[in-house]
Amino acid sequence: MAHPHLLAERISRLSSALEKGLYERSHAIRLCLLAALSGESVFLLGPPGIAKSLIARRLKFAFQRARAFEYLMTRFSTPEEVFGPLSIQALKDEGRYERLTTGYLPEAEIVFLDEIWKAGPAILNTLLTAINERHFRNGAFEEKIPMRLLVAASNELPEADSSLEALYDRMLIRLWLDKVQDKANFRSMLVSQQDESDNPVPASLQVSDEEYQQWQKDIGAISLPDPVFELIFTLRQQLDNLPNAPYVSDRRWKKAIRLLQASAFFSGRDAVAPIDLILLKDCLWYDAQSLNLMQQQLEILMTGHAWQQQAMLTRLGGIVQRRLQLQQQQSDKTAFTVIKEGGMFSRRPHYTLPPEASASTLTLLLQKPLKLHDMEVIHITFDRSALELWLTKGGEIRGKLNGIGFAQTLNMEVDNAQHPVVRDISLQGTRLALPGAAEDSMPAEIKQQLETLENDWRQQHTRFSEQQHCLFIHSDWLGRIEASLQDVGEQIRQAQQC
């Protein structure tokens, strides 16, 4: 078996070759390739003329000697046109009911059925068996069919509560396509002279029959780690609790997990990773409403839980709360305290300075910086006599901000715990402390918890960086996940700097 990273590189190059000359169809090609490599079915929804059939034709070139069958369904289509005509010779000579399947669906590896919902019951019933069991009953014999990929297409969804729902449920990947949107891509498409029938894939990249069969076994060996299963189960519970969520059968969940295993395998990994779960957005929707719902639920899962983003923010909130408690305790211990001297008949209490404040000029530190008179202030210098007068009689008090310039008027008061408090213009206040009493350093307990949290964040970010090289996931999702992790990291860094 090829080295996992070499296999991932080969599949990436194979996809690039298949995408050549197709504009704004890279994601569709990649998911159809993933479906083909894992033996699943795809439904393409979109208006006529947007290269749905060309996508299916291209996938034939991913394999060596692959045969393709395509058919446009009408309400008058017969099983003979899809599964092959009856053998008149066998019926006449031997009385056997047998179809001539050469060139028809039972002998094709790649199958494209356009306007699939117009198929009649006789075709649908046989098609269901072909998709489910990869077998076709031809007369008295059960024949194994080689189909690796079924691409069904339509410009509409099947009607609810119709006989078509069983077939729709078998189509694991569902893609909603639209016209080319980008101006440059539209121009390139108009002037392109590429022959659609040309094989764009070098022989060295094409998949042999032996490789395909071996890969089916290898895909089944990819593990589903417990944390990833928990994410899947969380998503399932969220969907079950939403009133407008689509019904997802157990069979569909099981087939979707195999697709995630294939994504991991062809990305060079031996286990399903959270990044693979993004593929579920193309597997679990039913209509336009549920498509938007799945996008929202997957985004919540990927940007909030898949790499512990919300859990880390919750831990950070607890650490910050604990730090505030410790700071309050420290503030009570280190705050500058005056002595209450109010007499029995005094209309207002008055205070005196403590013995340790004996200097003629007093510099008091703000326990947290405030913006006063358009200046970021960390300490204030008072004239001792002016401070004593204010404590005794009240009135105006002035001090030099950061010990410089002229003394400025201050909004100050003494709180119930006998601590002088200075306030800014928005009335945010902070207590004052004598130099040497204020404790600016972060408590060791908090510092250790923040360092542990930062290490956990780095581990999660490293996991994401290692797993994000997944061919089948659109880069927009990677950007949103990276932004969510960076937001958590920034909040942790801000907490460390406070």
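Quick reminder: no glycine exception, Cβ is built from N, Cα and C everywhere.
Listed in Swiss-Prot:
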{"type": "BINDING", "residues": "Tyr23, Gly49, Ile50, Ala51, Lys52, Ser53, Leu54, Glu196", "note": "ADP binding site"}
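With a cut-off of 8 Å between CB atoms and residues at least 6 apart in sequence, the same chain places Leu177, Asp178, Lys179, Val180 near Ile50 (ADP binding site), listed in sequence order. With all protein chains in the displayed structure included, the most crowded Cβ environment within 10 Å among the binding-site residues Ala51, Leu54 is that of Ala51. Sequence-distant contacts of Tyr23 (ADP binding site), defined by Cβ-Cβ distance under 8 angstroms and a gap of at least six in the same chain, are Val180, Asp182, Asn185, Phe186, Ser188, Met189. The binding-site residues Gly49, Lys52, Ser53, Glu196 differ in how many other CB atoms lie within 10 Å of their CB, and the one with the most is Lys52. Within the set Tyr23, Gly49, Ile50, Ala51, Lys52, Ser53, Leu54, Glu196 that the record links to ADP, no two Cα atoms are more than 14 Å apart, and one pair reaches that distance. Of the chain residues outside the ADP site list Tyr23, Gly49, Ile50, Ala51, Lys52, Ser53, Leu54, Glu196, Leu22, Arg25, Ile55 have their Cβ within 8 Å of the site's Cβ mean position.
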